[in-house]
Amino acid sequence: MHLLGPWLLLLVLEYLAFSDSSKWAFEHPETLYAWEGACVWIPCTYRALDRDLESFILFHNPEYNKNTSKFDGTRLYESTKDGKVPSEQKRVQFLGDKNKNCTLSIHPVHVNDSGQLGLRMESKTAKWMERIHLNVSERPFPPHIQLPPEIQESQEVTLTCLLNFSCYGYPIQLQWLLEGVPMRQAAVTSTSLTIKSVFTRSELKFSPQWSHHGKIVTCQLQDADGKFLSNDTVQLNVKHTPKLEIKVTPSDAIVREGESVTMTCEVSSSNPEYTTISWLKDGTSLKKQNTLMLNLHEVTKDQSGKYCCQVSNDVGPGRSAEVFLQVQYAPEPSTVQILHSPAVEGSQVEFLCMSLANPLPTNYTWYHNGKEMQGRTEEKVHIPKILPWHAGTYSCVAENILGTGQRGPGAELDVQYPPKKVTTVIQNPTPIREGDTVTLSCNYNSSNPSVTRYEWKPHGAWEEPSLGVLKIQNVGWGNTTIACAACNSWCSWASPVALNVQYAPRDVRVRKIKPLSEIHSGNSVSLQCDFSSSHPKEVQFFWEKNGRLLGKESRLNFDSISPEDAGSYSCWVNNSIGQTASKAWTLEVLYAPRRLRVSMSPGDQVMEGKSATLTCESDANPPVSHYTWFDWNNQSLPYHSQKLRLEPVKVQHSGAYWCQGTNSVGKGHSPLSTLTVYYSPETIGRRVAVGFGSCLAILILAICGLKLQRRWKRTQSQQGLQENSSGQSFFVRNKKVRRAPLSEGPHSLGCYNPMMEDGISYTTLRFPETNIPRTGDAETSEMQSPPPDCDDTVTYSVLHKRQMGDYENVIPDFSEDEGIHYSELIQFGVGERPQAQENVDYVILKH
């Protein structure tokens with residue numbers, strides 16, 4: 001029964017713990033590391049079903065008290081509803097909240113802080129104690145260097161330096177060193193302050209070489225000021241192929257035949273250790289040579305060559321630099337090689353002495369039929385012209401610094417002479433000109449054996465009309481050489497004969513010397529007449545432009561080129577054989593527009609209503625690309641083509657026009673050209689009709705007026721005679737006054753106006769009444785008592801016609817005021833007249 005008690009209590013506690021743990025969930029690093037004087041940053045998060053957190057207590061090494069059912073220990077931090085109670089040192093800061101963040105910071109941290117930190121969390125419904133391990137050392141603990149499993153030379157690797165520490169309030173840095181010297185490669189440093197891990201890491205990438213093998217790499221922990229705190233070191237294990245060097249005895253690797261040579265393959269470094277050794281000569285492996293030392297006893301000349309050693313390990317083979325071994329020996333027995341054998345008399349023969357030796361022979365001795373040939377000490381003996389006495393046995397002896405070789409078997413020279421004194425004869429008279437037919441014959445003095453055939457060179461499609469005769473039709477130009485050979489068993493070639501064909505100059509062409517670019521008007525221009533060859537070489541030059549001879553020099557110069565110099569040029573080169581002309585070469589001169597003028601179609605006088613085309617003609621190269629038109633007021637017209645078309649043309653278009661042309665070189669403008677637009681017959685007819693009608697109407701009115709006036713006068717005259725009254729009538733005609741013609745202005749153009757005014761003016765004079773009788777009027781005395789309603793009047797009239805031309809643009813020769821003045825004075829009978837005011841009435845009749 002007593003045994004069941006503790007187990008039952010344990011089960012109850014486990015159940016309670018399990019029930020509480022289901023309500024709480026924490027995440028934080030399991031263990032945190034620091035050192036005396038540093039700080040600790042504890043990232044922490046939690047999740048509780050009851051988020052109403054009432055208190056938070058941070059214990060150091062907490063222990064559960066069964067009696068009080070509470071935890072005992074040093075309280076580093078406490079937070080309750082009543083407020084915060086800071087620790088004595090005020091080192092602990094709670095950086096979280098009452099929701100999910102339980103992050104803490106201890107700064108500074110001490111060694112006695114090591115142990116367990118207990119986070120006591122209490123809510124209304126649950127409690128929980130979360131434990132965190134803290135490890136604080138007296139001194140800064142070293143970082144840890146992590147290397148890849150294997151490092152090979154020239155392969156990039158990453159070195160990692162890891163420190164299980166990071167705190168926001170305590171900055172640190174990690175420094176890489178190689179053999180105590182800071183490494184040049186840039187390292188990448190990163191930190192982690194998460195609920196999973198807290199660390200500072202530095203990664204360094206570099207490509208190790210075999211020389212780095214065994215070197216010490218250090219990762220040094222420093223504070224913010226660069227002060228050393230701790231470090232970690234590792235030794236690099238760089239896998240590499242064997243590194244080799246050959247040592248030769250003698251050191252210059254030059255020995256004489258029969259001497260010994262020792263070559264030692266020194267392995268300066270190999271990781272891992274080498275396993276196989278081999279030697280190579282000229283790239284081929286030497287058999288049974290698998291040690292680091294190669295001994296060559298009594299070397300021969302065949303052992304000369306390039307030697308190297310090859311040593312392999314698990315990484316691969318390593319090969320040393322090549323050593324060239326030279327084995328020196330005296331010349332071996334000589335042999336003679338005869339070139340061009342058998343030899344023909346007159347030909348050339350070359351003898352070559354061949355003997356193997358190292359170093360090469362420096363002196364040779366030649367023998368002819370056992371007799372030393374004086375002055376022949378070279379490797380080759382050349383006889384330019386073999387004669388019959390040159391036949392026989394030839395041998396030689398070679399010599400170098402090691403000794404003199406032996407004379408080998410001789411070589412026999414068999415001289416069989418071909419036909420002697422073979423000559424090629426040109427049958428034609430000289431000189432030979434291009435296109436001639438040339439006949440050559442092959443002659444000789446003697447031959448043994450007899451001549452059986454002839455050969456010619458060079459070969460061509462030539463004709464051999466007979467044995468030993470060659471005929472060349474239409475011989476070509478150039479320094480052609482012909483040689484013939486008279487052949488028996490061998491051929492004997494005659495000395496080549498140059499046909500020396502003369503020809504006219506060839507490949508004549510015109511070449512521009514300057515300028516190198518486009519030719520503009522005013523440039524200095526030089527043309528060169530070139531040709532490839534001429535025979536004879538004495539030549540003359542002629543320049544021609546458009547069929548006209550210009551000069552007789554090889555170069556044609558223009559100090560200041562003008563557009564008139566443009567054209568087709570060709571040059572002629574002649575010698576005593578003939579002349580050759582070049583292809584026509586066009587000289588193009590670029591210049592601004594010039595000689596501009598305005599041409600008018602159909603002419604400079606155009607009837608209104610028709611069409612008129614103004615064309616801006618110019619001389620330019622390149623052609624005009626832009627035209628501008630201007631009127632007589634120098635106003636630019638909105639036309640930019642070469643032709644200005646006016647359709648239909650009007651009288652208002654009359655005036656002066658000019659144009660301006662522009663190209664890539666410059667611009668130019670034309671002089672003024674006047675366009676006159678005159679009236680059409682229809683317009684003139686209409687205006688003449690209107691003018692004639694107006695004049696006719698005025699004339700009719702004037703005639704009618706005169707007739708009416710005369711009738712009125714007769715009527716008044718008759719009434720006066722009947723009334724025995726005295727009256728006087730008279731006409732007054734104005735004196736014609738010559739006036740200066742109207743000035744003709746520049747714009748005296750217009751239409752006839754038929755409505756010009758003619759005027760007839762009337763005037764009436766009234767006299768006061770009088771009873772004084774007139775003397776001399778006895779015949780009319782019975783009429784002296786006029787009726788009381790009659791009054792004395794004088795009627796004065798003027799008929800005035802204004803002189804004017806029929807048309808407004810036709811001015812009369814003179815202008816004058818001409819009028820017919822008619823006046824009639826009537827004196828009525830004497831009698832009592834009523835008092836009346838004297839007055840003058842004017843009447844003006846206009847028509």
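Cβ atoms here come from the backbone N, Cα and C positions, even for glycine.
Not measured: the values here are computed from a predicted model.
Noted in Swiss-Prot for the protein shown:
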type: BINDING; residues: R120; note: N-acetylneuraminate binding site
type: DOMAIN; residues: 20-138; note: domain 'Ig-like V-type'
type: DOMAIN; residues: 143-235; note: domain 'Ig-like C2-type 1'
type: DOMAIN; residues: 242-326; note: domain 'Ig-like C2-type 2'
type: DOMAIN; residues: 331-416; note: domain 'Ig-like C2-type 3'
type: DOMAIN; residues: 419-500; note: domain 'Ig-like C2-type 4'
type: DOMAIN; residues: 505-582; note: domain 'Ig-like C2-type 5'
type: DOMAIN; residues: 593-676; note: domain 'Ig-like C2-type 6'
type: MOTIF; residues: 760-765; note: motif 'ITIM motif 1'
type: MOTIF; residues: 840-845; note: motif 'ITIM motif 4'
type: TRANSMEM; residues: 688-708; note: transmembrane segment
Proximal but sequence-remote residues of the same chain as R120 (N-acetylneuraminate binding site) (Cβ under 8 Å, at least 6 apart): S55, F56, I57, L58, F59, P62, F71, K127, W128, M129
Helix-strand-coil residue split for the domain 'Ig-like C2-type 1' (143-235), DSSP-based: 3 helix, 53 strand, 37 coil
DSSP-derived structure type at the residue listed as 'N-acetylneuraminate binding site', helix or strand or else coil: strand
Average pLDDT across the motif 'ITIM motif 4' (840-845), rounded to a whole number: 47
The domain 'Ig-like C2-type 4' (419-500) - residue tally per DSSP class, helix then strand then coil: 0 helix, 39 strand, 43 coil
Helix, strand and coil residues within the domain 'Ig-like V-type' (20-138) as assigned by DSSP: 5 helix, 70 strand, 44 coil
Composition by DSSP (helix, strand, coil) of residues within the domain 'Ig-like C2-type 6' (593-676): 3 helix, 48 strand, 33 coil
